[in-house]
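Annotated features in TrEMBL:
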DOMAIN    29-102  domain 'Proteasome activator PA28 C-terminal'
DOMAIN    109-146  domain 'Proteasome activator PA28 C-terminal'
Amino acid sequence: NAKKRKLEDGAGDDKVGGTKVFVMPGGMMKSNGKLVELIEKVKPEIRTLIEKCNTVKMWVQLLIPRIEDGNNFGVSIQEETVAELRTVEGEAASFLDQISRYDTSMLLYLNLKIIVSELRNQYVTLHDMILKNIEKIKRPRSSNSDALY
């Protein structure tokens, strides 16, 4: 025999829509100090990655030559590099958004660990891709005189 709480209009509690709000006995829960400290260390790293991606992306885009017939292999490498930079930039912005929606969830520790690992992986991947293709990024088309010798 569970009694239902009656509202002023006499309707039962089960007819009320919306999100249930739970209040802690001592008021609002305090932030986890260690988690806040980690967030404050990770946020600038994410912002730096976004800024660096944007800078390198603009540099590569400005190196893309005008459209011509043939000999576009280097240009395709440049375009692929720009696409990868855009992807990393978008993922980093997503990480920043995830951190901004901080709640007291214990899963945020795991989430931060994954984010930091992904940031490292993105730096390494971009560095590797750019380093391996730096000549084609700088000079996407070889001159005809190079081909003669």
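Quick reminder: no glycine exception, Cβ is built from N, Cα and C everywhere.
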Mean per-residue pLDDT computed across the domain 'Proteasome activator PA28 C-terminal' (29-102):
88
Using DSSP, how many residues in the domain 'Proteasome activator PA28 C-terminal' (29-102) fall into helix, strand and coil?
59 helix, 0 strand, 15 coil
